[in-house]
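Worksheet: one structure, shown below.
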């Protein structure tokens, strides 16, 4: 009877891990945040190249979208703690029509902004993509030309 119990518990553990039991099931090297998985990629890409890279990883994966202060804080900590010297990092916010109408690449609601003072400033009418600003500890955002090369954060929902 004891051996049966051990085997049964072992099979239950395997089943739960494979079936996505309640909890955070982000892959190794990804972090969990409010029901999504995030990973910073150190490769420097344009905003569009980064978005296409994220989309190719997994259905529903995009550059990260942030919807509250806690989202910004978690990602700022992650970038600062694990990727010192990464510089600016692309997130999924962009002004696709160049009319100062900001939208997330995953099409979630644009209900939260964390602009650095004086931003967005659209220098030379060419800053249509967004990154957390390194000098702010990645807590405040800056608009920048989409052709700039930066590391980036991909995100998908659990």
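Numbers here mean position along the shown chain, with the first residue as 1.
Quick reminder: no glycine exception, Cβ is built from N, Cα and C everywhere.
In Swiss-Prot this protein carries:
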BINDING   127, 142, 143  Ca(2+) binding site
DISULFID  26-37  disulfide bond
DISULFID  54-154  disulfide bond
DISULFID  129-146  disulfide bond
DOMAIN    33-155  domain 'C-type lectin'
SIGNAL    1-23  signal peptide
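Feature annotations (Swiss-Prot) mapped to structure.
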residue: 26; record: disulfide bond; Cβ contacts under 8 Å, 6 or more apart: 32, 37, 158
residue: 54; record: disulfide bond; Cβ contacts under 8 Å, 6 or more apart: 61, 62, 63, 152, 154, 155
residue: 127; record: Ca(2+) binding site; Cβ contacts under 8 Å, 6 or more apart: 120, 121, 143, 144, 145
residue: 129; record: disulfide bond; Cβ contacts under 8 Å, 6 or more apart: 47, 90, 93, 94, 95, 143, 144, 145, 146, 148
residue: 142; record: Ca(2+) binding site; Cβ contacts under 8 Å, 6 or more apart: 88, 115, 116, 119, 120, 130, 131, 132, 133
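A Cβ within 8 Å of the Cβ centre of 127, 142, 143, the residues given for Ca(2+), is found for these other residues of the same chain: 119, 120, 121, 122, 123, 128, 129, 130, 131, 141, 144. Least crowded of the disulfide-bonded residues (37, 154), judged by neighbouring Cβ atoms within 10 Å of its own Cβ: 37. With the fewest other Cβ atoms inside 10 Å of its Cβ, the least crowded of the recorded positions 143, 146 in this structure is 146.
Under the DSSP three-state reduction, residue 143 (Ca(2+) binding site) is assigned to strand. Reduced to three states, the DSSP call for residue 129 (disulfide bond) is strand. For the recorded site, residue 37 (disulfide bond), the DSSP three-state label reads strand.
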